[in-house]
Amino acid sequence: MASPGVLEESSSGEACSGGCPEQWDEKTEEELQGQFEQAAKHVQNVASVASTEQLLFLYARYKQVKVGRCNTPKPGFFDYEGKKKWEAWKALGDYSCQQAMNEYIETVKKLDPDWSPQALEEPHKEPKTTFGGPVVSCLYKVQETLREEDKDIFDYCRENNISRVSHALSTGAIDVNVADDEGRCLLHWACDRGHTQLVSVLLFHNAHINMQDSEGQTPLHYASACEFPDIVDLLLDHGADPSLVDNDGFQPHEVTDSKNIAAMLQQHASYGEHNKPASLLLEMPQ
């Protein structure tokens, strides 16, 4: 789905930007926020003993306090860790900042029973930022920034560098159906990242629209799972088969959380439009 960089949260700045009550029930706002900030800084000391579920629990509440209700797009299909974090935050909905901070503090206490927030903190060095507080994410792998000379066609595809990809395909330097180690072709990647125009370019160059990766998933599976309705519609119009199943037996409409996309796929399959000749639909994008 598009794939974002490492999610970083700073422990500085105003909490509860998403809107919190002006008065807390049991603790003053200043006291509660101070304890929350201390807990966020202490996370780096207990991250190694926390389970994945606990880290996700902390992450979601940290984001709820710092940002408020989840306001970012769902991460890409390849970004498993990012999706889990997004889902944990999204599930909180309009959760109150007070409750989120209290639960965050209590969870840190459970991870380290000997720790308790202090009334006043001693001067400290700025901590590294992290998953649910300070520290590099335990679940997210950092992607290196590649030098231009080190990039390959898949890097240009992920970046939506249409000019580079088009030139490589037009000159025959690259096979449009070349696949990576996981069997994912350029069309898989473009669908995953939501690059609609690039998808059109790849289809114009005769990309295999029903190509399956090592998991048996087609570009249509990717576009459906990542919830890009425009790309789903584009693929269907160009002959994508919505009845193909992946290695787990799932069709594209079964891997999406979007009711609209699922309905679109099921309706298309019912009318048999996937048999429409793709050659009649291909046009070079402007």
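Every residue gets a Cβ built from N, Cα and C, even glycine.
These features come from Swiss-Prot:
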{"type": "REGION", "residues": "1-24", "note": "region 'Disordered'"}
{"type": "DOMAIN", "residues": "32-117", "note": "domain 'ACB'"}
{"type": "BINDING", "residues": "TYR59, ALA60, ARG61, TYR62, LYS63, LYS85, TYR104", "note": "acyl-CoA binding site"}
{"type": "REPEAT", "residues": "182-211", "note": "repeat 'ANK 1'"}
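Using a 10 Å radius centred on the Cβ of TYR59 (acyl-CoA binding site) and all shown protein chains, the other Cβ atoms total 26.
Confidence in the repeat 'ANK 1' (182-211), given as mean pLDDT, stands at 95. Per DSSP, the repeat 'ANK 1' (182-211) is made up of 17 helix, 1 strand, 12 coil. Across the residues the record lists as binding acyl-CoA (TYR59, ALA60, ARG61, TYR62, LYS63, LYS85, TYR104), the two Cα atoms farthest apart are 15 Å from each other. Cβ neighbours within 10 Å of ARG61 (acyl-CoA binding site), excluding its own Cβ and spanning all shown chains: 27.
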